[in-house]
Amino acid sequence: MNHLMIMPIVIPLLTGAFLLVMYRYNIGRQRSLSIGSTLLLVVFAVWAVLQAGVTDYTLYRLGNWQPPFGIVLVLDRLTAIMLLLTALLSLFCVLYASRGSDREGSHFHALLQFQLMGINGAFLTGDLFNLFVFFEVLLIASYALLLHGGGRARSRAGLHYVIINLAGSALFLLALGILYGIAGTLNMADLAHVIANAPEADLPLLKAASLLLMVVFGIKAALLPLLFWLPRAYSAASAPVAALFAIMTKVGFYAMVRVFLVVFGLDEAAPANDTVLAWLWPMALVTLALGAIGVLGAASLRTLTAYMVIVSVGILLATLSRNDEQLLAASLFYLLHSTCMTAVFFLLADLIGRYRDNGYDRFSIISPLSHRWILGSVFLVAAVSMASLPPFSGFVSKAWILQSSSHLPDYLWLWGAILISGLLIIAALSRAGSGWFWRPEEHTGKTVPALDSARTAAVCVMVTISFLLALFAQPVMDYLAAAAELVYQPSGYVDAVLGDYVRQGGEVTE
Amino acid sequence: MELVVAITLGVLTSTGVYLMLRARTFSVVLGLTLLSHGVNLFLFSMGRLTTASPAVIGLVENYTDPLPQALVLTAIVISFSMTAFVVVLALKAAVELRSDHVDGEDPNEDRQ
């Protein structure tokens, strides 16, 4: 058993706990500890990606209890890719926050580490109840991070965010209760096995549980009727926190992939699953439309970015609901691209806001902006990538999504929604950019603050990721295609986790 | 016993949902608490309802399923801490926003 696998959970836990105890440390030491821990996470995530490329499933049995009786962590390609994305994103967030955003309140770095622990745990766990526990860990850290620094806007947004997520947790437990009542287990592989062999009479209960789970993950991922907390919360949070939250909606997407395609997907004609995916399709399309309208109507860059998060969720869930292997691979590529780019925009909004005389990142206020040459170039590159124009990763990902959905019967809906939302994003971003950067130079007589090179560098390097993703698209695509193939073979997952337990008909043997 | 448990669950959940829809932080917190009590009871009853059988395997002939009790224990700890957090947050919001409405302002205030 390889103990490296549990490190993405243990490292942030220990660092976070240590930082919490050693809160008298000066901020410089806290920062270096936090950056060191995230760097280690990147190293382990790279190891995880390589390891998952070699062996399809790597297991970690906590306390060496055999599944399905013990808690088990499962690492496959999809998990590894999500771990790497989280680690990279958090590294940039920590670096950006270390330039001063972490001073606004206390315990920023400890909270961030706990948040990472929750996210990594949610990706790694092979057990539905532990998914709930890790969700709670990442949520309670995110509540505190959202409120970090205080202020009226954060309190108001935080109240909505916390209450809707607490209601979601209650629904999650209800769904788990129903599943446990039917199956007598919450291990994902065992659950998949039991659900595939469930009697006809249990079907309505299974459908109820899966729809409840869809509501729960829909809250996390911001699916249509459950998304109204998102724009306010994300635009109220401080920039590095909002950038880190870009991964949080993707945790909801990941949980849906795991639960609906793996746990409920073992029987080919799984009727409970068909119900969920049939519901998901129209709701995802309307989410996409609403996000695009919100992008056009947003009054500040942070709100605009929050709506771009919603657009990306719409695209991801729409592709998921078509239940197609190629399409899932393409949407995983889009997930990597959109998470990075929305994070870039949250950081960029903060950067631009710092060098404007007033108005921060609002569009309606005309105010001189210094360092226009550098900020404008970064904004242009980021906007080109976000609007899915060539040559960046946005173009590659959307072209791949369109290409791999062309054989589906109702592909025109998806094409229309994706292309029109892309057009609206181009319109909104070009309006914002021209309003800010295409103005005659004004001399207000104030001294221009020097450009913060570390913050700018962090944003520039993140934008480069988009370029690199496009440059190395083929190897990344191959990896993601293999990841999607594994997701669509739930029997492999069940075999890998349960091993002999299933073959012996669920009998425990010594 | 089934009837009593079912009625209790129904009452707890429906009052919880009703209170959560009241849009005042105090009643929302109260509603969340009732709802989580209902959920915990529901989880507990998922191991099937039996009387006079301990949740320990090996001591007696008829034991009850210990796993739901472990799950409920975890869920109770989490929901307690969350309730504590939301109470503090509601107080903070009420002081900062000068209103106990969840939106920070009462949309019908002008009409009163």
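Heads up, the Cβ atoms here are built off N, Cα and C, so glycines get one too.
As annotated by TrEMBL, domain 'NADH:quinone oxidoreductase/Mrp antiporter transmembrane' applies to A:126-409.
If you look up TrEMBL, you'll see A:6-25 (among others) marked as transmembrane segment.
Feature annotation from TrEMBL assigns transmembrane segment to A:32-50 (among others). For the transmembrane segment (A:32-50), the residues of the chain that approach it from at least six positions outside its boundaries are 4-5, 7-8, 11-12, 15, 18-19, 25, 75, 77, 79-81, 83-84, 86-88, 90-91, 94-95, 98, 109, 112-113, 116, 120, 479, judged by C-beta separation under 8 angstroms.
The feature transmembrane segment is assigned by TrEMBL to A:70-96 (among others). Packing against the transmembrane segment (A:70-96) from elsewhere in the chain are residues 5-6, 8-9, 31, 34-35, 38-39, 41-42, 44-46, 48-49, 51-53, 56-64, 109, 112, 116, 119-120, 123-127, 130, 187-188, 239-241, 243-244, 246-247, 250, 254, 257, 332, 335-336, 339-340, 343, 347, 454-455, 458-459, 461-462, 465, 479-480, 482-484, 486-487, 493, 496-497: each is 6 or more residues past its ends and has a CB under 8 Å from a CB in it.
The transmembrane segment annotation in TrEMBL covers A:131-149 (among others).
Per TrEMBL, the feature transmembrane segment maps to A:161-183 (among others).
What TrEMBL records for A:208-230 (among others) is transmembrane segment. Within its own chain, the transmembrane segment (A:208-230) is flanked in space by residues 135, 157, 160-161, 164-165, 167-169, 171-172, 174-175, 178-179, 182, 248-253, 255-256, 259-260, 264, 272-273, 275-276, 279-280, 283-284, 286-287, 290, 306, 309-310, 313, 316-317, which lie at least six positions past its ends and keep a Cβ under 8 Å from the stretch.
According to TrEMBL, the feature transmembrane segment maps to A:242-266 (among others).
Taken from TrEMBL, the feature transmembrane segment applies to A:278-297 (among others).
If you look up TrEMBL, you'll see A:304-321 (among others) marked as transmembrane segment.
Among the features that TrEMBL reports, transmembrane segment is placed at A:327-352 (among others).
Annotation comment: TrEMBL describes A:412-433 (among others) as transmembrane segment.
Summarising the annotation, TrEMBL assigns transmembrane segment to A:454-473 (among others).
The stretches the transmembrane segment (A:161-183) and the transmembrane segment (A:242-266) are not in mutual contact, being linked by fewer than three Cβ pairs under 8 Å (pairs 6 or more apart in sequence).
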